[in-house]
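The structure under discussion appears below in the form of structure tokens.
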């Protein structure tokens, strides 16, 4: 306990958490081992977050908010569904609930201990990952000598075109909105180069789900972002889409809908069989696609996957959590952080409609779409409440 009261303890934890945030958001792109990646998260992000929870009352108070209650309800229902799972669930699989709590706590801890540094580190990571996108393109099309018609993937653990596109889409939005949190020299050429890196990777991934998510987000962006910038972004996206259609029309037409309607129809039949409770947490199921002669392990749609496993009650819990986040972000849309969260929630909602498994998966690419927007909403709500309390106390 003497260590927790040391004068430099707060700064030590902040530096520790900053390193952990870097590991979480960028380590996935550099490592090829899930085990090493998750061990790094435990040591570099979750452990200092836990120590901050024990050390500072402000971090503990951050959990007393409606968003945390919604998260707790959804988690409790998910855990309770083990009781009616169709197969025995190993105890080690339940650790995912602990992982999520520790990850959310780490984000809350860093935001509450130093909000300015938290947003600045996120913005700097946006630049780093955007520059990395260019290196991924060079490795894929240059060093590996892949044809331009091939779908680009990232290096390390981000080796799936759709999930990598989701990851880069989320980080591109972070960079777009947090520009003012960067040092002056990073707001110029590095910012533009990194942003173009995200756009290039998104286009060359040839992933229609993230494309649809980006387009839907750009169409809705003027609702919470005033001025000419949303229109410029929408115009740039339109030009890029026309260029792809003129230069590579087959890219827009190949693979069709990737049998998504067939999977959705099969998932709805599963839900109809057990509508309210679902088949239970971590229960395996198969969705047949007769045209391919294959079966898939999930619906490629986060919402249907939740409904199959956790029933309509579980889906309602997830939508309640999402609804709280969207409502908070809408009310906070006058701030950059509120607009960032609204944009992330919009992109994630559409992206996960066409390809998503979870949300109870160990930390990997999906976490950037599934959990990062919600963690930022929890942090933003806690920071806003602290500001409101200080205003009340000063009156």
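From the backbone N, Cα and C atoms, a Cβ is placed for every residue, glycine too.
Among the ranges 96-114, 210-228, the one that TrEMBL lists as transmembrane segment is 96-114. Taking pairs at least six residues apart, the transmembrane segment (367-383) and the transmembrane segment (161-178) share three or more Cβ pairs below 8 Å and count as touching. In summary, the transmembrane segment (37-56) lies against the transmembrane segment (96-114): three or more C-beta pairs, each 6 or more positions apart in sequence, are under 8 Å. Here the transmembrane segment (121-141) has long-range neighbours at 18, 21-22, 25-26, 29, 110, 148, 150, 152-155, 168, 171-172, 174-175, 178-179, 181-182, 186, 190-191, 193-195, 197-198, 200-201, 204, meaning same-chain residues at least 6 beyond its ends whose C-beta is under 8 angstroms from one of its own. Using a Cβ-Cβ cut-off under 8 Å and counting only residues 6 or more beyond its ends in the same chain, the transmembrane segment (96-114) has close neighbours at 10, 13-14, 17-18, 20-21, 24, 41-42, 45-46, 48-50, 52-53, 56, 58-59, 62-63, 71, 75, 78-79, 121, 360-363, 367, 371, 374-376, 378-380, 382-383, 386.
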